[in-house]
Amino acid sequence: MNPHAKLISLISLLLGTTITISSNHWIMAWTGLEINTLAIIPLISKSHHPRAVEASVKYFLVQAAASALVLFSSMSNAWATGQWDITQLTHPTASMLLTAAIAIKLGLVPFHFWFPEVLQGTSLTTALLLSTLMKLPPMAILLMTSPSLNPTVLTSMALASAALGGWMGLNQTQTRKILAFSSIAHLGWMTMIIIYNPKLTLLTFYLYILMTATVFLSLNTTKTLKLSTLMTSWTKAPVLNAALMLTLLSLAGLPPLTGFMPKWLILQELTKQEMTTVATIIALLSLLGLFFYLRLAYYATITLPPNSANHMKQWYISNPTNTSIAILSSLSAILLPISPMILAAL
């Protein structure tokens, strides 16, 4: 891809995200979402492979439908109440339409169908953008409108996302699809708590971005697209694979790693809200995710599949140290002890 075109796309992504996050008017928020959609499409289809082109078309159609729903819900609300302010979403029909639109944008169940397919059709770096930066504008809109949304609908979608994200990830062999279902499950946890404690949702989202970025960058460094490649990547970068294993366990939410903090706090908040049954169900559903994260972590260690005698092993080659991955891996593993400081800052 032309470096100038790539630079323009990345600047447009940042611009669209900033416009949506900082706007109070529905039209400006919608404009930011549209800029984002149009900026990411060249990055998805940059390889010109049929799978990439198919992914970009799917992404465009789904996001266009979601944007139309955002515009329709805001116009319905303005027609009924005369308000164009994002925080004044008081009309019930507009509220339901917006919930559906944001669920499509984020890839929440039952609107998750497009997300694994699009991630599978693109490169690891673009998949990283789709899983992190592209989730920020819809999440910001969800945070601003959360007091007006229906708690029952959001809780149902959150539980379904946590269940399906864990269940569908069990039989996947492609790392991008596994991370797509991981993203769906994590978004379920965030949606669950957004009405009761929006700041906790934001903290969970930031930590999710941190851990997901670490995993994607590590996989990109070792060029790992399938589990079979992950099995043989230890010989290429043993230290990186050890750090990747810790990050995957952190994503699973195992103590004493960073990923345990948001899950622990969310379960605590749900219990405070007297939603003990929901807290129990979502905690049990996280075991599904734990299984495939453990499987990934097991494959990332020194696990070689059965090979013929003439199989060419990927021997260790000394690579220059990647400082950014080292910093991200450290943060993904050791932030739990300072959780009281993080909570005090919220």
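Just so you know, glycine gets a Cβ as well, placed from its N, Cα and C.
Feature annotation from Swiss-Prot assigns transmembrane segment to 1-21 (among others); the stated evidence is sequence analysis.
Listed as Cβ neighbours of the transmembrane segment (25-45) (distance under 8 Å, sequence separation of 6 or more from its ends, same chain) are residues 1, 5-6, 9-10, 12-13, 15-19, 52-53, 55-56, 59-60, 63-64, 67, 70-71, 74, 77-78, 84-86, 105, 118, 121-122, 126, 129-130, 134, 137-138, 141. If you look up Swiss-Prot, you'll see 25-45 (among others) marked as transmembrane segment.
Per Swiss-Prot, transmembrane segment is recorded for 60-80 (among others). Beyond the transmembrane segment (60-80), the same-chain residues lying 6 or more positions past its ends with a Cβ under 8 Å from any Cβ of the stretch are 26-27, 29-30, 33-34, 37, 41, 88-91, 93-95, 97-98, 100-102, 104-105, 114, 141.
If you look up Swiss-Prot, you'll see 96-116 (among others) marked as transmembrane segment, on the strength of sequence analysis.
Under 8 Å from some Cβ of the transmembrane segment (124-144) lie the Cβ atoms of residues 13, 16-17, 20-21, 29, 32-33, 36, 40, 43-44, 46, 70, 86-87, 98, 102, 105-106, 115, 118, 176, 179-180, 183, 187, 190-191, 194, 198, 201-202, 205, 208-209, 212-213, 216-217, 219-220, 225, all in the same chain and six or more residues away from its ends. The transmembrane segment feature in Swiss-Prot is assigned to 124-144 (among others).
Here the transmembrane segment (149-169) has long-range neighbours at 95-96, 98-99, 103, 108-110, 112, 116, 142, 177-178, 181-192, 194-195, 275, 278, 281-282, 285-289, 291-292, meaning same-chain residues at least 6 beyond its ends whose C-beta is under 8 angstroms from one of its own. Marked as transmembrane segment by Swiss-Prot on the basis of sequence analysis: 149-169 (among others).
Here Swiss-Prot flags 178-198 (among others) as transmembrane segment, drawing on sequence analysis.
The annotation transmembrane segment is assigned in Swiss-Prot to 200-220 (among others).
As annotated by Swiss-Prot, transmembrane segment applies to 242-262 (among others), with the evidence given as sequence analysis. Packing against the transmembrane segment (242-262) from elsewhere in the chain are residues 182, 186, 189, 200, 203-204, 207-208, 210-212, 214-215, 218-219, 286, 289-290, 293-294, 296-297, 300-301, 325-326, 329, 331-337, 339, 342: each is 6 or more residues past its ends and has a CB under 8 Å from a CB in it.
The transmembrane segment feature in Swiss-Prot is assigned to 274-294 (among others); the stated evidence is sequence analysis.
Feature annotation from Swiss-Prot assigns transmembrane segment to 325-345 (among others).
Proximity of distant same-chain residues to the transmembrane segment (274-294), defined by a Cβ-Cβ separation under 8 Å and at least 6 residues beyond the stretch ends, is recorded for 155, 158-159, 162-163, 165-167, 169-170, 172, 178, 182, 185, 188-189, 192, 248-249, 251-254, 263, 266-267. Tertiary proximity for the transmembrane segment (178-198) is limited to same-chain residues at least six positions away from its ends with a CB under 8 Å from its CB atoms, namely 106-109, 112, 115-116, 119-120, 127, 131, 135, 139, 142-143, 146-147, 149, 151, 154-155, 157-166, 168-169, 172, 204-205, 208, 212, 215-216, 251, 262-263, 266, 269-270, 273, 278, 282, 285-286, 288-289, 292-293, 296.
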